[in-house]
Amino acid sequence: IFIDVKNASFSEIGIGITANAILLIFHFNTLFLKHRPKPTDLIIVHLALIHIVMLLTMGFMTADIFGSQKLWDDIKCKSVIYFYRLMRGLSFCTTCLLSVTQAITLSPRSSYLAKFKHKSSHQNMYSIFFLWVFNTAINSNFLISTIATPNVTSACLLFVTESCSLCPVSYFFRYIYFALVAFQEVSMMGLMALSSGYMVILLYQHKRQTQHLHSTNLSSKTSPEKKATATILLLMSFFVVMYFLDFIVSSSSRMLWNNDPVRLCVQMIVGNGYATISPLLQSNTYTLNGPGWLSSKHQHSPQQD
């Protein structure tokens with residue numbers, strides 16, 4: 001089991017870094033070479049870069065868990081654990097920003113969200129900067145609680161890697177941290193649910209209009225709107241499933257306070273599943289949903305009718 005978990009961890013890291021690197025290069029070229037890049041290109045580049053850094057730090061942690069390198073000092077422990085937690089928080093928030101931006105992109109000109117279309121690129125830059133500031137502050141407690149503990153065992157320490165552990169902090173700081181994390185996760189999940197539901201409604205309405213306007217022979221084929229709707233639902237469903245699986249595994253680990261390296265690697269595999277699979281789903285979703293393809297058709301449909 002020990003060897004199988006180790007191989008699974010490094011396989012996930014390799015696949016995830018490769019997929020995100022391909023996604024990063026594709027959208028990076030689109031962002032800087034196209035005259036008018038899509039509003040989502042910057043966010044996808046940012047998300048892919050976050051996932052690459054997160055998977056790289058996971059690789060360092062996995063190698064240390066299985067004793068594949070020299071023991072770390074206190075500075076390296078704090079840096080690696082802090083960057084890993086920071087990238088996880090940014091991944092969550094950037095996914096929400098991507099969903100909201102895509103909903104604005106798909107909104108018809110008659111909607112309230114249409115006025116944000118031309119401003120979305122600048123707003124995305126400000127939003128990304130705010131997400132960095134917020135997550136940098138909220139995860140700063142790991143710079144305090146993470147310590148280097150080579151060859152040290154203690155009931156009050158939570159094992160993270162072979163070299164690093166988390167020491168308990170005061171109840172005051174613990175409650176502040178959990179309150180901020182809960183606020184972040186609840187608000188982001190709510191925005192993702194609203195934006196995804198809004199996109200599904202738009203795509204469903206557009207599908208009904210195209211079926212009314214076109215012949216039954218064309219309507220019998222699988223439309224791009226139907227594929228886009230299915231992909232959006234798949235991406236959202238996959239994120240929610242992986243989020244709750246990670247929550248269950250992490251909660252059980254905290255309750256058991258179990259210093260088992262195999263259990264920790266399984267937790268990391270589950271927690272990084274979204275970073276590995278999401279670039280494959282995003283490539284399908286955002287190739288289908290070009291900017292304005294829905295809104296432009298949506299505007300012409302009343303005139304044709």
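Quick reminder: no glycine exception, Cβ is built from N, Cα and C everywhere.
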> Quick one: which of 86-107, 262-283 does TrEMBL have down as transmembrane segment?
Replying inline: 86-107
> Taking the transmembrane segment (13-32) as the reference, which of 44-66, 86-107, 175-204 gives the largest number of Cβ pairs under 8 angstroms?
Replying inline: 44-66
>> Which residues of the chain, 6 or more past the ends of the transmembrane segment (128-148), have a CB below 8 A from one of its CBs?
In response: 42-43, 46, 71-74, 76-78, 81-82, 85-86, 89-90, 93-94, 97, 157, 160, 163-169, 173, 177, 180-181, 184
> Which residues, given as numbers and ranges, are at least 6 beyond the ends of the transmembrane segment (86-107) yet have a Cβ under 8 Å from it?
Replying inline: 38-40, 43-44, 46-47, 50-51, 53-54, 57, 113-114, 116-117, 120, 124, 127-128, 131-132, 134-136, 138-139, 184-185, 188-189, 191-192, 195-196, 198-199, 202-203, 236, 239, 271, 274-275, 278, 286, 289, 291-292, 294-295
